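Per Swiss-Prot, the features are as follows:
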- 45-65: transmembrane segment (TRANSMEM)
- 100-120: transmembrane segment (TRANSMEM)
- 131-151: transmembrane segment (TRANSMEM)
- 165-185: transmembrane segment (TRANSMEM)
- 247-267: transmembrane segment (TRANSMEM)
- 324-344: transmembrane segment (TRANSMEM)
- 363-383: transmembrane segment (TRANSMEM)
- 461-481: transmembrane segment (TRANSMEM)
- 639-862: domain 'ABC transporter 1' (DOMAIN)
- SER894: phosphoserine (MOD_RES)
- 976-996: transmembrane segment (TRANSMEM)
- 1088-1108: transmembrane segment (TRANSMEM)
- 1209-1229: transmembrane segment (TRANSMEM)
- 1238-1258: transmembrane segment (TRANSMEM)
- 1297-1531: domain 'ABC transporter 2' (DOMAIN)
Amino acid sequence: MRWLSSTWLSDLSCSSSSVIEPSSSLPAPIQWLRFILLSPCPQRLLSSTVDVLFLLILFFFAIQKLCSSSSSRTNGEADITKPLLGRRTRTRTTGLFKTTVVVTIVLSFCSLVLCVSAFFTTRTKLKLVDTLFWLIHAVTNVVIAVLVLHLKRFASPSHPLTLRIYWVFNFVVTTLFTVSGILHLLSDDPAAASLRADDVASFISFPLTAVLLLVSIKGSTGVVVTTSNVTAPAKSNDVVVEKSENVSLYASASFISKTFWLWMNPLLRKGYKSPLNLDQVPTLSPEHRAEKLATLFESKWPKPQENSRNPVRTTLIRCFWKEIAFTAVLAIIRLSVIYVGPVLIQSFVDFTSGKRSSPSQGYYLVLILLIAKFVEVLSTHQFNFNSQKLGMLIRSTLITALYKKGLKLTGSARQNHGVGQIVNYMAVDAQQLSDMMLQLHAIWLMPLQVAAAIVLLYNTLGPSVVTTVIGLTGIFVFILLGTKRNNRYQFSLMMNRDSRMKATNEMLNYMRVIKFQAWEDHFNERILKFREMEFGWLSKFLYSIAGNIIVLWSTPVLISALTFTTAVFLGVKLDAGTVFTTTTIFKILQEPIRTFPQSMISLSQAMISLGRLDAYMMSRELSEETVERSQGCDGNVAVEIKDGSFSWDDEDDEPAIENINFEVKKGELAAIVGTVGSGKSSLLASVLGEMHKLSGKVRVCGTTAYVAQTSWIQNGTVQDNILFGLPMNRSKYNEVLKVCCLEKDMQIMEFGDQTEIGERGINLSGGQKQRIQLARAVYQESDVYLLDDVFSAVDAHTGSDIFKKCVRGALKGKTILLVTHQVDFLHNVDRILVMRDGMIVQSGKYDELVSSGLDFGELVAAHETSMELVEAGSASATAANVPMASPITQRSISIESPRQPKSPKVHRTTSMESPRVLRTTSMESPRLSELNDESIKSFLGSNIPEDGSRLIKEEEREVGQVSFQVYKLYSTEAYGWWGMILVVFFSVAWQASLMASDYWLAYETSAKNEVSFDATVFIRVYVIIAAVSIVLVCLRAFYVTHLGLKTAQIFFKQILNSLVHAPMSFFDTTPSGRILSRASTDQTNVDIFIPFMIGLVATMYTTLLSIFIVTCQYAWPTVFFIIPLGWLNIWYRGYYLASSRELTRLDSITKAPVIHHFSESIAGVMTIRAFKKQPMFRQENVKRVNANLRMDFHNNGSNEWLGFRLELIGSWVLCISALFMVMLPSNIIKPENVGLSLSYGLSLNGVLFWAIYLSCFIENKMVSVERIKQFTDIPAEAKWEIKESRPPPNWPYKGNIRLEDVKVRYRPNTPLVLKGLTIDIKGGEKIGVVGRTGSGKSTLIQVLFRLVEPSGGKIIIDGIDICTLGLHDLRSRFGIIPQEPVLFEGTVRSNIDPTEKYSDEEIWKSLERCQLKDVVASKPEKLDSLVADNGENWSVGQRQLLCLGRVMLKRSRILFLDEATASVDSQTDAMIQKIIREDFSDCTIISIAHRIPTVMDCDRVLVIDAGKAKEYDSPVRLLERQSLFAALVQEYALRSAGI
């Protein structure tokens, strides 16, 4: 570095003779540029020019303002618009203002002192010039100080733009002065022994001007104006916070506090004393909250006329350009000081070798090293923190924007993206962009950092650097190609992981059906297949990353070997300073080589995410113009559609419903009827504006309420679901419970209306969910009610009560559109709309439509056919002289209509010739009148939930340190302790080889070996050591990868096996989101992060040990400082980890509710929009986002709090070591050992931080192992197969079932649900099971399938006690059609025959019998036709028929029907019943039904009430006597009669 001795470094003159040095090898232009930037004379000229320009501009603006004020006073207009009495205001200042004032005053004082000093001490020739320079600078700084102080008086929220620009230029000039001063101190010029005034000024001014630079970027003055009404500055970024809130101290922290993370101290103190809980973590600062960011994002969204192609990217840049610029400045500051250490190695080596001009030079070197390391550490962690904070703000902004968009999407757009994909936009793409912020600047910083390194290496090694460039280029290309390969592998890995997660989610959602069908093995194998594909890509991905890591860790030693070989060949002298400066620069270059390719890939992924988000955010929204809505409109029409044609597809002109013309008057009840798939629900959707309007006009008068066919229940309390955001009105609330028949439910539920409803209403019966939905609608008191098949899931009595008390009672006077399959209610509606093939084919009153026949006649005929079964039973009772009647007077109905062949039988008379006795006029029945009224009322009015207690448990959360058992479990799962021992061995051996190479370099470059230096031996030995090092790092990397993969696969199989064989009660009490988080986030941590972190921790600690060994070996007094500082490190770790560990746990806990609420809202968006509750749901989303991000924010703060302190300790150890080296005599410490020690010590701060941080990181990630372990220890249900007790292959061969005193409770210490049930069912019998909602009907089926184990009694089927059988042997022998038809994503074939046991011929035969052959055959893919998630592209009726097809293929001897036809119309019901009667004539059938006709042709009927078998006999015999069943039949008949 010969150029450091140039005279122009200290010459204040601008003579050209100082510029060009003939001896220099640099070109003349480069020497001129160097002179202009680094010589004091041009620097002073530049500084004075900036000062003078600033003063002139300031003077110009002052004159202009003075003239303007004078003119205003002359015209008397200055105060004309001001109020006579101003509002009371108070001005306060934050730490930012105080810091700015202090800095400007200090700069002013220093400038004045230097001005006076220059006048009295400068030599005569330059006294005037020197004094004038400092005078101009002093005047400028004084003016700035006065200006800043006056900002408080004028209550200015932001600094003038002129001042902010000046501070930026002043920082640049001061940086040039500082660099020049450092070079001056390092030069060989004898004048460097004494400090110049310029050097002193620059060293003092540099940190101060850096502070002002940050202030200029922020823009805010820190002055806050508080009025009597509003406590917020007009335009300030400082937001005043309510004192009562537990707001993050970051909001009110001073500049110093933010700089050194002092604002984190109170929270860390709390966490150290006791484990943190949710309430102790402060909320976000107001400027960081989601609601403010959402408003900002919306205001910056490109206007339509801008025609932006990338609106999301454009908006994010507009919102956060200041934050992006600030992090860029921090990155540049870090880059400017990162190479100071390596440059100083040569100076230290020269100093200790005797080339010292004065003792003070050594102290100057230590001081420069200390300042450089401090700036590096501070800028690094401020960059990390602010980048993470920026990422957090972007994620928060995107989540709220995506959520708001999700509430506006059309049905077609929502289906195109899919609920799962929309959730991925929020969970994956937003996170991708957030994570990108840490790597954003690496893309343009990497070329600068490498270029700086090459320049330094060239000045050190000369032409030998060519080999370095070639080697680095080769490594860079290898890493780039490897990273691209990793990206491909990662993409495939994510795709396969998504498939595995989708299959897992599907399994969890429909676990009850899977257990009923004994498909656990099938789904286990299915998920394992997805996992095997995922594991294949995971292995490729991890081994590829291991290859990149090998190259990165080998870079310093590999490039050093190439470079030194070239240097020796070219005859370059290698001394200690040159060698260790080179190796240190190579170590620093590891970072950009590592980060740049990944940054490029991350940028590419971010651009893909932005493209996906652009497509989503630009998706079509529901048009407000689709429906004309008006409040308090004139006229009698409440709902009207004229010439309406509607499509579900925004781009398709093919209508789903067309030629719609109808109107419903205010207060009318209009029923919409039709067969399955006729368009009834679509008609309601068109009224709500949910469909794409192709033509026509839709008009709705007033507010709307909507009750969906498929219940949408929120995860919350019953009360929350009913209130739906409205305040509690107790009298109205109680009345709503009454009319919706929920009073008894509230009484029985353990917590009443505060009972928590599980995910998707899992702890409620179908009827309870439907009634809660209805109660929610009724409580809203809307004008127009759209009810979609609300009676399908409730029994006859409950349905009648709801119709009378609610529909015709509480909602009387409201306009109601009721979709229903219950023909019974149609007598009492004002208008009936009959639909077929997407059109309204008939419209009118009941009498009119019945007389016309056609479609409505067919519906009534189907209903009448089913009623004949009821009346036939009644006729039998009549024939036995047992008259049936009711205390209620019955109406006779006589309808005249022409009889036609095959027309429905609709004529009713009062003649006793008719066998339909239940429809005759009232007559007293002595036996029925003797029936206990209380028992009837209790039976008819009871709605006992089968399990009303709080099912959803709080998530288990460990506190304190992760136990040693968790570490032991992970470490020993694959190969016992030997696995971890090998990891440590390879790490220690590799580090030892690196130390050997460095010791060899020190030995060969020592002064005593200068004469006997043998280049061949030097290179040969170094290359051998380098090769050994590379082999060891290969072994370590690949072994850690293998160990991690094996352990991850073991854990996955354990948790999958545990889940598949978990009892149903586990899934009832555990939300699927909680399970999925284990299968996704926690499994990913075990798959990828933990293995490499363990390897890295071992490496970091062995590296740290090597640094301490080398440092203490040559600067042994340092050990006295290392011991206390080491203890301080350990204390900091424990202090930090206590809070960080809990924050990580809380982050996991608060993240799931954000995802759950997002997906829940998208699933129920029709309901939300119908009630106009979008603002309430957006607010809830914001609340959950803030709750989660506050954990993220404070966790990031704690990370940088720790990192800054640990790296600072490392820097102090380094500087203390360097101080001892310069203090020790040169005959005690050798120059080569100084170089070796410094080359190790320069990385001490980083290694120390990463060693501690990664160990904390592992502990946080070990929480994932802890959480997985919780689910691998789930108590399993009974054995899957019992070899000693296998039933015969043809079992059950008769179908005889005997229950002996069977008792069932769902969980210990809960009431019995079945209370001693004893019944006997003969083979081939058809048993109908009836009872009120929650009476225990479904529990009966569950205990027969052993989804819940009996608490007492026996169940004998064909002579075998089912509790002695394996679960698979039991369940696989039964057939069941569940209440809710479940289809899995896939094809028709995979749904009807999941286990692939049957031929295509058998499948087609089954489809033909269940009336679906024509539907499937009409599709191009036939049996491979697509079935969407949950069968959404198939109607409810078609889904039920497919479920019937499964049972027909299975041909089980015992068949269970669990309200299988509750959601279909009478025609479809009749068809299903006919198929079952014909195809299962010799089978035992147990049918649970709400529809009485379904059980009237059964051999026997079981009446269950409150868990007891109250009646069990044939329908005729039960009707012959005073029975509960008779009362139920009578109730149903009365309802059908329209009473």
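A Cβ is built for glycine as well, from the same backbone N, Cα and C atoms used for every other residue.
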Intrachain neighbours beyond the transmembrane segment (1088-1108), with Cβ under 8 angstroms and 6 or more residues off its ends: 538, 542, 545, 549, 553, 970, 980, 983-984, 987-988, 990-991, 994-995, 1036-1037, 1040-1041, 1043-1045, 1047-1048, 1122, 1240-1241, 1243-1244, 1247-1248, 1250-1251, 1254-1255, 1257-1258, 1261-1262, 1264-1265
Contact set, same chain, for the transmembrane segment (247-267): CB under 8 Å, 6 or more residues outside the stretch: 94-96, 98-99, 211, 214, 239, 241, 276, 280-287, 378, 382, 385, 1139, 1190, 1193-1194, 1197-1198, 1200-1201, 1204
The domain 'ABC transporter 2' (1297-1531) [mean pLDDT, rounded to integer]: 84
Intrachain neighbours beyond the transmembrane segment (363-383), with Cβ under 8 angstroms and 6 or more residues off its ends: 182, 185, 203, 207, 259, 327, 330-331, 333-334, 337-338, 340-341, 344, 347-348, 351, 1200, 1203-1204, 1207-1208, 1211, 1214-1215, 1218-1219, 1222, 1245
Long-range environment of the transmembrane segment (100-120) - Cβ separation under 8 angstroms, sequence gap at least 6: 127, 130-131, 133-135, 137-138, 140-142, 144-145, 148-149, 197, 200-201, 204-205, 208-209, 211-212, 215, 221-222
Positions on the same chain near the transmembrane segment (45-65), where near means CB under 8 A and six or more residues out: 14, 133, 136-137, 139-140, 143, 147, 162, 166, 169-170, 173, 176-177
For the transmembrane segment (324-344), sequence-distant contacts whose Cβ falls under 8 Å of one of its Cβ atoms, 6 or more beyond its ends: 175, 182, 186, 210, 213-214, 217-218, 317, 365, 368-369, 372-373, 375-376, 379-380, 382-383, 386-387, 390, 437, 440-441, 445, 448-449, 452-453, 456, 581, 584-585, 588, 1238, 1242
